[in-house]
Amino acid sequence: MRKKQKKAQREKQRKAKNQNQQQQQRNTQQHGTSSSSSSSSRSSSSSTKPRPPPLPPPLPPQQRQQQQQQQQQQQQQHQQHQQQQEQQQQHQQQHQQQQQQQQQQQQQQQQQQQQQQHQQQQQHHQQQQHQHQQQQQHQHQQQHQKQHQQQHQQQHQQHQQHQQQQQQQQQQQAS
């Protein structure tokens, strides 16, 4: 009797253990199905809403920095290009100013040359006047010499007349 009772107790315990294990398995399965059903309900609810446009995946920080650096470099290059253009324009303006200065200098030189020519002409004119004065003086001397010769000739004629008078007087005396 005791042995039979022990066996029965052991069988009861086994059955209880088996039932406990089966209940645990059922609980886990129900929990799993409930979680899966909740996720499916979430997905169904999310599918009804309009999805926002997918954002680009966030770049790692190195690539972000590289992109920012590239943009900065491009901006710097653009600024440098503008500066170069401005410098070229300034250089062209300076070149034009230099050309204008050179033209002004050339004009000044031409004016100076014209002034020099004008001075030379004045000097030449003065020389001509001086030559004219010399010629006048020379003519005056020639006239003076002619007058002197005439006077000398007159004196010579008078001397001849005087001699003739003396000869006539001697002839008269001789007669």
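Yeah, the Cβs are placed from backbone N, Cα and C, and that goes for glycine too.
Record features (TrEMBL):
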type: COMPBIAS; residues: 1-17; note: compositional bias 'Basic residues'
type: REGION; residues: 1-175; note: region 'Disordered'
type: COMPBIAS; residues: 18-49; note: compositional bias 'Low complexity'
type: COMPBIAS; residues: 50-61; note: compositional bias 'Pro residues'
type: COMPBIAS; residues: 62-140; note: compositional bias 'Low complexity'
type: COMPBIAS; residues: 150-175; note: compositional bias 'Low complexity'
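The helix, strand and coil residue counts that DSSP assigns across the compositional bias 'Low complexity' (62-140) are 79 helix, 0 strand, 0 coil. With helix defined as DSSP H, G or I and strand as E or B, the compositional bias 'Basic residues' (1-17) counts 16 helix, 0 strand, 1 coil.
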